[in-house]
Amino acid sequence: MTNLRKTHPLMKIINSSFIDLPAPSNISSWWNFGSLLGVCLIIQILTGLFLAMHYTSDTMTAFSSVTHICRDVNYGWLIRYLHANGASMFFICLFLHVGRGLYYGSYMYLETWNIGVLLLFAVMATAFMGYVLPWGQMSFWGATVITNLLSAIPYIGSDLVEWIWGGFSVDKATLTRFFAFHFILPFIIAALAGVHLLFLHETGSNNPSGLSSDADKIPFHPYYTIKDILGVLLLILVLTSLVLFSPDLLGDPDNYTPANPLNTPPHIKPEWYFLFAYAILRSIPNKLGGVLALVLSILILAVIPLLHTSKQRSMMFRPFSQCLFWILVADLLTLTWIGGQPVEHPYIIIGQLASILYFLLILVIMPITSLLENNLLKW
């Protein structure tokens with residue numbers, strides 16, 4: 001009798017994705033982040049569902065409903081902080097996952113990569129709208145500043161902003177629709193993640209060498225299931241440590257003050273995972289230019305496959321490209337730091353230089369270096 005997992009219509013999909021999937025024998029721990037992102041998404045959907053049972057999306061009661069969750073609901077504080085810090089863990093895994101893709105040339109799987117870029121945009125949109133929901137000072141002013149950026153779009157800008165707001169300022173209508181979108185988007189993300197996996201399994205996983213691994217494949221289960229479980233345990237360890245010891249470490253104290261349209265906080269800044277993009281936005285004095293740079297800082301990922309000039313896929317055997325990759329990482333960390341600083345000397349010029357370097361590295365320096373490496377290898 002044939003095994004049920006190989007014949008049952010539903011079971012065989014799971015079987016071919018997580019059990020009998022042929023996987024390269026040499027993929028390192030950098031390949032764990034896909035499964036960790038799946039776990040993060042499940043944690044966020046579950047904690048978010050329980051939060052939504054107690055949250056009210058009304059400007060008068062939103063802030064106090066979050067207070068109620070933390071004080072009166074059984075383990076409400078735990079659910080709330082798991083959700084807030086779960087978002088941080090989500091982005092840490094996302095950045096490492098994208099970084100892995102850049103380093104090892106995984107972007108050569110075009111469909112998988114482009115859906116990944118789409119997923120990144122969707123997660124960023126979801127996180128932004130989620131940050132608005134507690135209706136603290138930083139929620140309100142963050143929403144005001146970021147939605148206002150759309151007014152830089154010529155001709156339709158101001159109408160578009162008022163249409164998104166549902167009025168002439170960020171108010172009840174805005175909060176209600178942000179809650180609706182924040183609830184539905186994670187399910188769209190889950191569906192997109194399914195398509196992401198579908199396209200990945202068409203080609204099979206890449207591996208650190210960037211060479212074909214067809215000659216040396218091993219079954220996903222038990223080898224990579226056990227490896228993924230270790231990754232998940234480490235993720236849960238870090239998340240629970242953060243939640244139980246310093247839940248507000250990554251948050252903004254201003255968000256513990258109820259939203260007040262008449263009082264602007266001295267430094268408006270987004271959550272830490274948006275600071276690099278925020279620094280790029282601020283480094284350009286022109287509003288439309290800043291918005292374009294902001295969008296392009298993420299959208300640039302979509303053109304990376306076109307900029308691949310090396311004859312090798314991975315950076316594993318390309319020391320010059322490796323150096324540039326780590327300079328890019330350092331540059332992004334610098335931008336993240338600058339995004340959290342006030343707009344004054346010397347932070348302005350550092351931010352501008354880091355922003356220029358970011359685009360130069362990806363668009364010019366790295367492709368030229370790859371060509372140089374080809375010549376050094378006489379390819």
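Cβ atoms are placed via backbone N, Cα and C, with glycine included.
Feature annotations, reproduced from Swiss-Prot:
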type	residues	note
TRANSMEM	33-53	transmembrane segment
TRANSMEM	77-98	transmembrane segment
BINDING	H83, H182	heme b b562 binding site
BINDING	H97, H196	heme b b566 binding site
TRANSMEM	113-133	transmembrane segment
TRANSMEM	178-198	transmembrane segment
BINDING	H201	ubiquinone binding site
TRANSMEM	226-246	transmembrane segment
TRANSMEM	288-308	transmembrane segment
TRANSMEM	320-340	transmembrane segment
TRANSMEM	347-367	transmembrane segment
Q: State the Cα to Cα distance, in Å, between H97 (heme b b566 binding site) and H201 (ubiquinone binding site), rounded to an integer.
A: 17
Q. When you tally the Cβ atoms that lie within 10 Å of each candidate's Cβ, which of the binding-site residues (H182, H201) has the highest tally?
A. H182
Q: Write down the Cα-Cα distance for H196 (heme b b566 binding site) and H182 (heme b b562 binding site), rounded and given in Å.
A: 21
Q: Using a Cβ distance cut-off of under 8 Å, indicate which of 113-133, 226-246, 288-308, 347-367 has the most pairs with the transmembrane segment (320-340).
A: 347-367
Q: Report, as numbers and ranges, which residues of the same chain sit near the transmembrane segment (77-98): CB under 8 Å and 6 or more residues beyond its ends.
A: 30, 33-34, 36-37, 40-41, 43-44, 47-48, 50-51, 66, 69-71, 116, 120, 123, 127, 130, 235, 238-239, 242-243, 247, 250-251, 271-273, 301
Q.
How about long-range neighbours of the transmembrane segment (113-133): same chain, 6 or more residues beyond its ends, C-beta under 8 Å?
A. 55, 57, 62, 66, 87, 90-91, 94, 98, 101, 106-107, 139-140, 142-143, 146, 174-175, 178-179, 181-182, 185-186, 188-189, 192-193, 195-196, 199, 270-271, 273-274, 298-299, 301-302, 304-305
